[in-house]
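So that you can see what the record holds, here are the features copied from TrEMBL:
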type: TRANSMEM; residues: 93-118; note: transmembrane segment
type: TRANSMEM; residues: 161-179; note: transmembrane segment
type: TRANSMEM; residues: 191-209; note: transmembrane segment
type: TRANSMEM; residues: 239-257; note: transmembrane segment
type: TRANSMEM; residues: 269-287; note: transmembrane segment
type: TRANSMEM; residues: 367-384; note: transmembrane segment
type: TRANSMEM; residues: 455-474; note: transmembrane segment
type: TRANSMEM; residues: 486-509; note: transmembrane segment
type: TRANSMEM; residues: 583-608; note: transmembrane segment
type: TRANSMEM; residues: 651-669; note: transmembrane segment
type: TRANSMEM; residues: 675-693; note: transmembrane segment
type: TRANSMEM; residues: 714-742; note: transmembrane segment
type: DOMAIN; residues: 766-897; note: domain 'STAS'
Amino acid sequence: MTVPNESTTAVKVSRPIYRLEQINQNFQYENHKENKWKSVVHKVKQIDFFRTLVSVIPILDWGRSYSAQNDLLPDFISGCTVAVMHIPQGMGYALLANVPPIMGIYTAFFPVLIYFLFGTSRHNSMGTFAVVSIMVGKLVVKYAGDANLPEDENLPTSLDVATIVTFMVGVYLLVFYIFRLGVVSTLLSDVLVSGFTTGCAIHVFTSQVKDILGLSLPQIPGYFDVVITYYEITQRISTANWVACCISGISIVVLIINNELLKPRLAKITIVPMPIELIAVVTGTLVSSQLRLAEDWGVNTIQNIPLGFPVLTPPKFALVRSIAADSFIIAIVSYTVAVSMALIFAQKFHYKIRFNQELLAMRISTANWVACCISGISIVVLIINNELLKPRLAKITIVPMPIELIAVVTGTLVSSQLRLAEDWGVNTIQNIPLGFPVLTPPKFALVRSIAADSFIIAIVSYTVAVSMALIFAQKFHYKIRFNQELLAMGIGNVFGSFFQCIPFCASLSRSVIQQTVGGRTQVASVVSCSILVFILLWVGKFFEPLPKCVLASIILVSLKGLLMQYKDFFKFWKCSRLDGFIWLTTFLTVVLVAIDVGLIVGITLSILTLLLKSLKPLNGIGNVFGSFFQCIPFCASLSRSVIQQTVGGRTQVASVVSCSILVFILLWVGKFFEPLPKCVLASIILVSLKGLLMQYKDFFKFWKCSRLDGFIWLTTFLTVVLVAIDVGLIVGITLSILTLLLKSLKPYVCLLGSVPGTEIYLDVTKYKGTVEIPNVKIFHYCGSLNFASRDQFRKLLFKHTGVNAKKIPSSDGLKDESPHDVRCIVMDFSAVTYVDSGGFTTLKAIIEELSARGILVLIAAISCPVYEGYKKSNLYDLEKEGMSKTFPTIHDAVQYALEKNIPISITYESIRL
């Protein structure tokens, strides 16, 4: 198809043929070498103690400018909203970690307070996270066995294993912080994360089936546990507890109705979501208590929820050698999740994230039909809520219906009144202690056993948290410091490990709600913690009769979003067959093998893909602290973070508010939840898995975009599901790294200037005879633009062109202070060998940002393979809107700039040919 020229001006070239030696001699070529020693001395002289202190403790910076008049009320509302979500999610995800439910509340309190001081994300809702919890649960089963069975005095307890894992996750993140390794999260490509988390969703789903059906299955440690678990279930399905099944069914139905129907409608009315999970928990607790579900119906309940704070207890360091490797994986996962979410919010609200700162058992024939009924009802209710009620409610109010809490409360009440545990054999929560846990050090003797697994968990939790933080940071125009996130999460996990906490992470659902209902800072988290204190101190025992199948139902329904990610596979496949292959491989490995194996396979395939196609371009304290308070590794939650931001949360003050509420829960309310049927929590977990399970669509997206990405996704997914979570992660990372090595070398980046009298453009820093065109910057990039290099590409572009990327228009009133003499940027893509889906997304965002500043972007000399991806990524839409244009050569782009009469302050006779 012939495209008509917008300019009829002919380009005539008349020049001799230059050899490279002649060019070097005639135009004064010189290789500039920087004196590294002088550079180091200069940096040392620039060190300022106060600035360094503020850099390490960000609250000293943003706290001084915190506006109580404008931000405190939104943060308070956001914190209260998120605290309501912490209760069911904390208990449910603690069950995933095979630890007492109260530890989930501890994790939402102790590490979050540390993150409030050290974190840079204003909107991340830190606490429990499904993927991190399931990874911790695998280690608990491996080294301690079932948390609900009597412990052997010679073996470490589930508490010992969980807290030492939390401690090691924090230590790893602190080590990353010290060595400024915050960018480690970039090793987890979109393909790998999608395939890995989708496979993890299968593990989470499988882990809740026993509680949904009211079964008591033996623990199945080792590889291929998903396949073995379903085999055991089929053998014992005839003994399912019908009461638990009914409770689960009701819980799931209510949750789905809320999520799919009520929530969207309520969102149009109020930004505060309905706490359906908390409603489910409270209802389940009340019903279980009144009907004596545990005593009369055999429904498994929470039981034994201690009141008050845990006693400060050091982790069991004897376990360090055993869990070191596993803890490393958990650290990577939790950090990646947290940073990813932090970046989302940072980009949205225009602030900066500092990456280094952010651093089943016995057989199915014993199934309980009562639990099956409870699970079925729970799932149906949850689905109706999510699919029907939630969209409608979203039109009315930003405050979502707490359908999970409704399911929990209803399940607890029904279980208590009908004696589901005693008379119908429904598994309930049981034994929820009131008050704070005793400070207890982790069991350090387990470190060697869990070190590797903890490392993976650390990576995952950090990546998730940072990813979410970046989303919010971009939205609200503030900055996320990656290394500071490492510090915050590291201290939080170490601190939490002494208070019976599991590794914490950011939650997408909580974070979105926190932001939606108005959360502006981490003060919202403090408010949430304050509410949780009330639960811990007085309300916990109420949930003891809660059927576990209710929690399982909640988890199953929540998986929708993850499960729907299967659509991503088609998107990635369309853009790149290799991406689709990575997605599919990661997914299949996670599902068929194991989560960690799937993650490793996914990362490995992603890196291999990167190496094949490209050249390489130029939360620790919280976990350590939490490990002393019986916490599991914490992470950012997308759901909590989004809600925290949506309801108005503006800073981490919202997290402090949330923690204040949790204090009430810890001190007085904990015992209330003891009769809570576990099936209610299982229902909540199942429903919440929707997002993760829907990620299977990512495979098709990755496969369509890149076969290699699809392969990594599929391999990671299959390895995670069929083998083990940690093995899957290792396989994913290995594949990603290999892909990266095959594709990348260090890039060559420079600004080009014109050789007078010719159409030749050379590096202005090496050819002194070249002429740089005022008002026009010609940016040359030699390398690939992919998931690992996209952030650096953006940074280098703004740095070399002189455009200030830090001061951009935002709701906070920041003004654009970029140089006004830059009117056009020509991107020389002649040496760009590969651009993946993430790279095109970044390129589109850059073009839109520059266009908003009145800067025209012209892309020159784009290669055919990159051009094909350019078309598939819908970047031509920007050309239709006049934001950018593509040209076969640099000179064509310059001529176009002249024809468009871009203000230029010199005469072009010297370069017009």
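A Cβ is built for glycine as well, from the same backbone N, Cα and C atoms used for every other residue.
Among the recorded stretches 191-209, 675-693, 714-742, the one sharing the largest number of Cβ pairs closer than 8 Å with the transmembrane segment (93-118) is 675-693. Counted over residue pairs separated by six or more positions, the transmembrane segment (191-209) shares at least 3 Cβ pairs under 8 angstroms with the transmembrane segment (675-693), which defines the two as touching. Long-range Cβ contacts of the transmembrane segment (269-287) within its own chain (Cβ-Cβ under 8 Å, at least 6 residues beyond either end) map to 77, 81, 84-85, 87-89, 91, 247, 251, 254-255, 258-259, 262-263, 293, 378, 381-382, 385, 390, 393-418, 513, 516-518, 542-547, 550-551, 554, 643, 646-648, 672-677, 680-681, 683-684, 688.
Counting Cβ pairs closer than 8 Å and at least 6 residues apart in sequence, the transmembrane segment (486-509) and the transmembrane segment (583-608) reach fewer than three and form no contact. For the transmembrane segment (675-693), the list of distant contacts is 88-89, 91-93, 95-96, 101, 130-131, 197-198, 200-202, 204-205, 208, 211-212, 214, 244-245, 247-248, 251-252, 255-256, 259, 277, 280-281, 284-285, 288-289, 293-294, 299-302, 371, 374-375, 378-379, 382-383, 386, 404, 407-408, 410-412, 414-416, 420-421, 426-430, 432, 508-509, 542-566, 638-639: same-chain residues at least six beyond its ends, Cβ to Cβ under 8 Å. Among residues of the same chain six or more beyond the transmembrane segment (714-742), those with a C-beta under 8 A of the stretch's C-beta atoms are 134-135, 138, 187-189, 192, 195-196, 198-200, 202-203, 222-227, 325-326, 329, 332-333, 452-453, 456, 459-460, 581-613, 616, 696, 699, 703, 708, 788.
Shown for the domain 'STAS' (766-897): DSSP residue counts in helix, strand and coil, namely 50 helix, 30 strand, 52 coil.
Mean model confidence for the domain 'STAS' (766-897) is a pLDDT of 79.
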